[in-house]
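Per TrEMBL, the features are:
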- 99-120: transmembrane segment (TRANSMEM)
- 139-226: repeat 'Solcar' (REPEAT)
- 140-160: transmembrane segment (TRANSMEM)
- 249-269: transmembrane segment (TRANSMEM)
- 250-346: repeat 'Solcar' (REPEAT)
- 317-340: transmembrane segment (TRANSMEM)
Amino acid sequence: MADITAQDFSEKKKNAKNAASVAAPTAFARSLILQGLALFYRTPIKLFRPLRVDYLIVARAVMPDNKKFSFHSTSLGMLTHAVKQHGFIFIPRHILPPLVANSMIGAVLFTTYITVLSQFSGTSSFFETNYHNNSLPPPAFSVVFTSGAIAGAAQSLVAAPLDSLKVRFEVNDLLEGKHKSMFDFAKTTWKELGITSIYRGIGLTLLKDSLSCGLFFGVFEFVKQQCYNAFIKEMRDYRENSHSKRLQLVEPAFVLAAGGMAALSYHFVDYPLDKIRNIFLVEEAQSEYQREQKPRLYKDTWEQCKSSIRRTGLIRFLYGDFGATVIRAVPATSVGFLVFELMKRKFDRELYDDNI
């Protein structure tokens, strides 16, 4: 009995390690690609940027004003210029903290999703997929949606402290030496706010992330597995030669398409709710010294939303500049999911070989 318990513990420990190994590179790849593509849609530098994590915000702020596209306007160009001006210490002070935070949020999202989905699917590990048994049915949309929603809620709890920073962040505070680094700014701000203020409005964040992440993973798995299986079922020629090079190209294409559609579904829900949540965060930041109660903050947020709707219209208020956001997000999400699938397959093979 002791040997069985020790073996089960060892297996669970290995599965948890594999889950984290898949999640971390996926989040990191998506972070780098998304930030790189954002350079093609640059906006004027503002003291407050409505982004969860932007690891280039300080590097972008120290760049000279140049509207023409050149090497200096790329990620590498901005980093090179910042290092020349401030030395290599600029990277650990202002680049690594937000980059690591962004990757950590993504890792929490994917690791929670992998763990919860494996429990709902009745397998000891998410990596025990239908790689060697194509007769296994894919998980139902409701199961994947629920797993994604739980993962989104877990992500919210980790991301909420970062959200409390973004509306209080001023680039000039770092450039003028008020804070030595991004980490120093975060530590000082969180100490001043306290745990209660950090998690103010968490209900809005939980609603936004749960719904959007549920659709995110649900649509991805539906297109990747059920639509892919239906396509293969119709294409009899592919089924007869399941190891053909053409079939090997079809599945990655479905993964990329699934990632793109997942990003579109995610932002369709996340984009308008995020606008409303940002209004709440700004109201909360402006009234933090007055210690207003949450009902009052929600009322002020609603009044701000109504004022914006009267000024711009409902659709423009909810989905203004939605197209540019989707264009930036789709390639990054598609490639991120492709990395996710490749890493998952790698560990799937390892588990299969270990059981032989």
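Cβ atoms are placed via backbone N, Cα and C, with glycine included.
At the 8 Å Cβ threshold, with sequence separation of at least 6, the transmembrane segment (249-269) lacks contact with the transmembrane segment (140-160), having fewer than 3 such pairs. Shown for the repeat 'Solcar' (250-346): DSSP residue counts in helix, strand and coil, namely 87 helix, 0 strand, 10 coil. Away from its own ends, the transmembrane segment (140-160) comes close to residues 52, 104-105, 108-110, 112-113, 116-117, 120-121, 198-199, 202, 205-206, 208-218, 221-222 of its chain (Cβ-Cβ under 8 Å, at least six residues beyond either end). The DSSP breakdown of the repeat 'Solcar' (139-226) into helical (H, G, I), extended (E, B) and coil residues amounts to 73 helix, 0 strand, 15 coil. Per-residue pLDDT, averaged over the repeat 'Solcar' (250-346), rounds to 82.
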